[in-house]
Amino acid sequence: MEAAWRQGGRGRGRARPGDGLAARAGVAARPPAPRARGGACVAAAGTSGEGASGECRVLPPPRSGPGLRELSSQKKFDEIKKANQAAAKKLVEEQFSSSSEDDDADAEVKQGKILAKTFTVYTSQTDGDASELERTRQYMNEAFQSGAMTCLICIASVKRNQAVWSCCGCFCIFHLVCIQKWAKDSLFLVSSPLTDDDFGKKDYPWPCPKCRFEYKRSETPSRYYCYCGKVENPTLDPWLVPHSCGQICEREFKPSCGHKCLLLCHPGPCPPCPKMVTTTCHCKKAKPVPRRCSAKEWSCRLPCGRTLLCGQHTCENSCHAGDCQPCPRVSKQRCICGRQTAERLCASPQWQCDQVCGKPLPCGNHTCEQVCHAGPCGDCPRSGKRSCPCEKSKFTLPCTEDVPTCGDSCDKVLECGIHRCSQRCHRGPCEICRQEVEKQCRCGKHTKRMPCHKPYLCETKCTKIRDCQKHQCRRKCCSGNCPPCDQVCGRTLGCRNHKCPSGCHRGSCNPCPETVDVKCNCGKTVIKVPCGRERTIKPPKCKQLCSRPPTCHHSTQEKHYCHFGRCPPCRQSCQKTLTCGHLCPVPCHDEALVKQIGLHQSAGPWEQPSEPAFIQTALPCPPCEVPIPVECLGQHEVSPLPCHSANPYSCKRFCGRLLDCQNHTCMKECHHVTKLNSSADGKKAGPECSQCEEECTKSRLPGCPHRCVLPCHPGDCPSCLQMLKIKCHCKLSILYIECLKLTCADLKEKELLISCKNQCPKELPCGHRCKEICHSGSCPLNCSQKVKLRCLCKRLKKEIQCSKIQEGQVSLECDALCKEMKRKASEIKEAEAKAAIEEEKRRQQAELEAFENRLKGRRKNKRRKDEVEVEQSSWQKYKNLIMLPVFGVAVVMV
């Protein structure tokens, strides 16, 4: 358990400074880098050991500089402390969240923002608010929430990818398959009692399961459309309202005003028309003002002023719609007959008193018996021809005499509707029919002789099944037209909570009309859902803070929303006082879940291993991780260490103290050094440091290749007495020289020591050997060798120094004799050239003549014998020989 608290702690060896605090803060520890050299931080991510947790390992510097210890350790400690505190604060802020319910609440807020933006476009085009869009907003909110829409037929959630149908009366959404089955069953139940002759003659409607709005048989849905009805089988788009096509609704408003809905295809009713129109008030007195079309009727609040029905007063109410109310004033008004006067409402000027008219009729014998009336009383009702009671005879008598009976039989149809009255003409109603007849009961199974006026009902009970197709009629003497079943259905509805309260019926019961309140844990947030959905729907997200008392040692718990089940673990800082005096900074651990292992031992290999048990217990506070500045053993650095392990430590660097040889430093890992003298230098090695066992590595004089034969020692090395084997300048001889002489000599002395004293064997550019003694560098160019110089015709010659010829200072010119000899030689050459040309011409002439002779020999046989040969001229003979060379020369020249 302790190892769990130290997951960012020690690693291998001793803990690195700041590892524990950085592990809890969720960031990699960064130890200070006080060295300018060798202080690189190497992170071995993905490896085991120290590098596996992203720990930085400081590479040891090759050697310590004299000014590095002068850096301020306190400044570095303060910087690291601030960085760790900032990282811990950031971690606490990121982890401060109540539970996953907060994410759901944020999701609801985002959905609300999306809906608000949706209605913003709707209202911004009309310059109004969205106060009248609540009903549409509610439908759209349910469409966004997963599982919020419920099909009342199958009591199941309506999913995004399911085909649906929406009622145009209540806008309730059902599965397309469910509403098709509902319509089919409803039509079957209505048309089943009909005979074959009546079936199909009348188009019986089917009702909506919720609002009972009736649809025709032809309006039974067969295809899946979006809400506005434009697109069939709308595609599922996560960026649109489910079952919406994403186009503008454009449905006519109800009541119709000539405008169309501006929202995108949406569930529920269209909101009131938001268009702006110019209209006047009800009384037409005010000037027309722009108003929203859905609220275009308005009142100017001025007195109406229209004349009331009484014709005397005007309406004093403020501007209103419709007819004016009756006049509320009271005035004295006479009745219709004019005998009485009373105070009555001005709105009802005509009224009748209770007195009989009493005016004498025109007969002079009787008075008017009508109650208060207007106009003349009319003639006497007893004047003119009058009939006897049986209406068979008529008499003309004075109004003072009654009409006598005629003495004939009455013959009026009695109440039975079959027989007539057998009495003589009489006044008053006829008696009941007393004739005995053979009567058949109502069900037609029995007959009996009895008085005609008495009904006959047998005791036989009807055995027919009523229209519910479940119960018998059981009515005595039923005529066959059995009444509807009067029993209650009583079947359990789809909600599984209530029974059907309707009369006994066939087919499926109507959906449960009840709604159930689903509450949060505290009961302050309530949503209404259809009965039966309370078992599958999630409780509402309550915005109230949880009011449960804290279960840990803190006085108050973290703020989080109302929820079911246990409260989330406390994330507040423990803040208990540790033994060192610091406060515990880790999250509260009073209710930590600890896994129990080894409590249950299996009986054998056949027994399945049980899941590990977790118990809730309070864990002790972890070791204090407050950084304390501690200096390493070798006094190289001051690093912050956790409080519980704030002891001198090794920084894993080389000791770096100067050994007695004054040339090397201690290569041991950082260790404790005992000071023999309090005034001794802090950089000097102590008895715990290592002893130098290396050879002397001091540099010799330039040119000396030998090492010091002594072990590593302070001070200068002794002089080198060894002999050097070296070649001379010309590389032909090998010389043996003392190393000390050669390294201590200057340039001239070195030149003499390395020279073999022989002539230089190198060859000069002119081809002669160098005359100098063995030397370094390039040979001199002033060659003193004597060479012969000739003129251009090679007749004259002279001996001159080689260096002067190379420099071009001396030249030998031809004399007059040389020029004469040149001229004669050129003439001889020209004569030889001409002779050669002439010889070439003769050779060509000979070849031409030979060729012509061959041609003449071939033509002799063809010539006529009488032909006389014509002698050719010299030009004709030699023109070819002359022209061919000329043409050849011309061609060559061209």
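Quick reminder: no glycine exception, Cβ is built from N, Cα and C everywhere.
Looking at 190-237, 430-477, 814-861, the range annotated in TrEMBL as coiled coil turns out to be 814-861. Helix, strand and coil counts under DSSP for the domain 'NF-X1-type' (468-487) come to 0 helix, 2 strand, 18 coil. Mean pLDDT, taken over the domain 'NF-X1-type' (704-722), works out to 83 on the 0 to 100 scale. A Cβ distance under 8 Å defines the sequence-distant neighbours of the domain 'NF-X1-type' (416-435), meaning residues of its chain 6+ beyond its ends; these are 388-390, 392, 405-410, 451-453. Same-chain neighbours of the domain 'NF-X1-type' (443-464): 415-416, 418-419, 432-437, 472-480, 482, counting only residues six or more beyond its ends whose CB sits under 8 Å from a CB of the stretch. Across the domain 'NF-X1-type' (310-329), DSSP helix (H, G, I), strand (E, B) and coil residues number 0 helix, 2 strand, 18 coil. Under DSSP, the residues of the domain 'NF-X1-type' (495-514) split into helix, strand and coil as follows: 0 helix, 2 strand, 18 coil. Counting residues of the domain 'NF-X1-type' (704-722) by DSSP class, helix then strand then coil, yields 0 helix, 1 strand, 18 coil.
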